[in-house]
Amino acid sequence: MGETNTVHSPLVTYASMLSLLCLCPPFVILLWYTMVHADGSISQTWDYLKQHGLQGFIEIWPRPTATAWKIIACYGAFEAALQLLLPGKRVEGPISPTGNRPVYKANGMAAYFVTLATYLGLWWFGIFNPTIVYDHLGEIFSALIFGSFIFCILLYIKGHLAPSSTDSGSSGNAIIDFYWGMELYPRIGKNFDIKVFTNCRFGMMSWAVLAVTYCIKQYEVNGTVADSMLVNTILMLVYVTKFFWWEAGYWNTMDIAHDRAGFYICWGCLVWVPSIYTSPGMYLVNHPVNLGTQLALFILVAGILCIYINYDCDRQRQEFRRTNGKCLVWGKAPSKIVASYTTTSGETKTSLLLTSGWWGLSRHFHYVPEISAAFFWTVPALFNHFLPYFYVVFLTILLLDRAKRDDDRCRSKYGKYWKLYCQKVSYRVIPGIY
């Protein structure tokens, strides 16, 4: 079965699965409730829960309504249709552990523009008001929590009964299989890639759609959009635009090429991304802060710079791989390590490890501008409440953990070459510190 049961012990899996199942759904609802109904104040929500206990929590948990299901179904069907129908160039993913090479249609950017244009068009022509989404947000999150759980059960059954490729299999433990996933590249038919749908077209796309929704809601309530909301929305949209511009590159990353499609990643993309990643904007709807032109522009420029550096890190590495090291990095020939490794089928292959440019600063330097960008699109909320900054804190923990997982994977893959690489690039994430 390969990686799934070597990366995480059953104990770690049980602990993370229990905490995801027991803590994350209530957290999503509490975050929404606090942002929308408790003035963004954790202490206000805490006092409410202290007074009313579990019963009070059950009362604030919205029931998934028909409207919520309808909104999710229309959005999901629309994104699935765009993924299947829009033209795009053929892109090959990395070769999998069992030697398969997934083929994708790169039409993310087109899907992104069509989605935003349609959404704004529906609002502009009075066909559908995005504030409806905001007004039913709690019910939508509630429906996503339950719906995504059922979706993951179906994925687990599919992995047993109808796997899409040989990159699948069971660890012999049902809980591990459900949590970490059965299949690396589950598909419906030949062309509909489930992970591209959950991670990119549902999860990441919902980030942009909700960012716009919050902006429109503030406009409809106040007749104007505060500069803080504008900075937040623009930076989030620039970030998501960068994501779709680079989507084919994302298909080479850990999420797609190494993590299987299980509860951990799919539930995260279907529920956690729309609710937690968008939360700074959710807070700003009812807290219009006026930053003043100078400060707003400063935050905007700093945020865009961080997003650009994050993009340039990925671009640099992709260019280096594409040209097999025959390119310029910061104006000169790149320094590199030629590492050989053995595949599961016993073949010996080589990889080039880049040790200059951004990648000479630290092994995962691209996480630094990513975390900084998240800080800059949250800071328009200023510092009256901690909750808007939860995403920044969460992202920092997530990326530091991912850096460690990636290092562990590379150490077992490249052995002595990785040791050599770590001597040359000694810091894991933050140059000079960590």
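Easy rule for this one: first residue shown is 1, then count along the chain.
Glycine is treated like the rest: Cβ placed from N, Cα and C.
Unlike curated entries, TrEMBL annotations are predicted automatically.
Just so it is clear, the model here is predicted, and its values are computed rather than measured.
Database features (TrEMBL):
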type	residues	note
TRANSMEM	12-33	transmembrane segment
TRANSMEM	109-128	transmembrane segment
TRANSMEM	140-157	transmembrane segment
TRANSMEM	196-216	transmembrane segment
TRANSMEM	228-249	transmembrane segment
TRANSMEM	261-279	transmembrane segment
TRANSMEM	291-311	transmembrane segment
TRANSMEM	373-400	transmembrane segment
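Against the transmembrane segment (373-400), stretch 291-311 has more CB pairs under 8 A than any other of 12-33, 196-216, 261-279, 291-311. The stretches the transmembrane segment (261-279) and the transmembrane segment (12-33) are in mutual contact, each linked to the other by at least three Cβ pairs under 8 Å (pairs 6 or more apart in sequence). Long-range Cβ contacts of the transmembrane segment (12-33) within its own chain (Cβ-Cβ under 8 Å, at least 6 residues beyond either end) map to 45, 57, 60-62, 137-138, 141-142, 145, 175-176, 178-180, 263-264, 267, 271-272, 275-276, 279, 282, 387, 390. Under the criterion of 3 or more C-beta pairs below 8 Å, with sequence separation of 6 or more, the transmembrane segment (228-249) and the transmembrane segment (109-128) qualify as touching.
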